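Visitor: I'd like to ask some things about the structure below.
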Amino acid sequence: MGMRMMFTMFLLVVLAITVVSFTSDHASDGRNTAANDKASNLMALRDECCPDPPCKASNPDLCDWRS
């Protein structure tokens, strides 16, 4: 195999890896968004619930880390 052919194969491999990496990154964006939304909801619930003693007592798994 000549040098041009080897270089062409190298470029094709790099292109294929880039395409696969790019598409898999975009596929995970939906999962990341869902996880971020869940974390935001838990933080909002914690901020509202933990200062309230009855709510804090009924949700120890949410509030115990700060006490």
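For all residues, glycine too, the Cβ spot is worked out from N, Cα and C.
Quick paste of what Swiss-Prot says about this protein:
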- 1-21: signal peptide (SIGNAL)
- C49-C55: disulfide bond (DISULFID)
- C50-C63: disulfide bond (DISULFID)
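Describe the structural context of each listed feature in the structure shown, including burial, neighbouring residues and relevant distances.
Guide: In the shown protein chains, 15 other C-beta atoms lie within 10 A of the C-beta of C49 (disulfide bond).
Mapped onto three states, the DSSP output places C50 (disulfide bond) in coil.
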Visitor: Given a separation of at least six residues and a C-beta threshold under 8 Å, show me what packs close to C63 (disulfide bond) in the same chain.
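Guide: Listed in sequence order, they are R46, C49, C50, K56.
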Visitor: Residues with Cβ closer than 8 Å to the Cβ of C55 (disulfide bond), same chain and 6+ apart in sequence?
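Guide: Listed in sequence order, they are E48, C49.
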Visitor: Among all protein chains shown, how many Cβ atoms are found within 10 Å of the Cβ of C50 (disulfide bond), not counting that one?
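Guide: So the Cβ neighbour count for C50 (disulfide bond) comes to 17.
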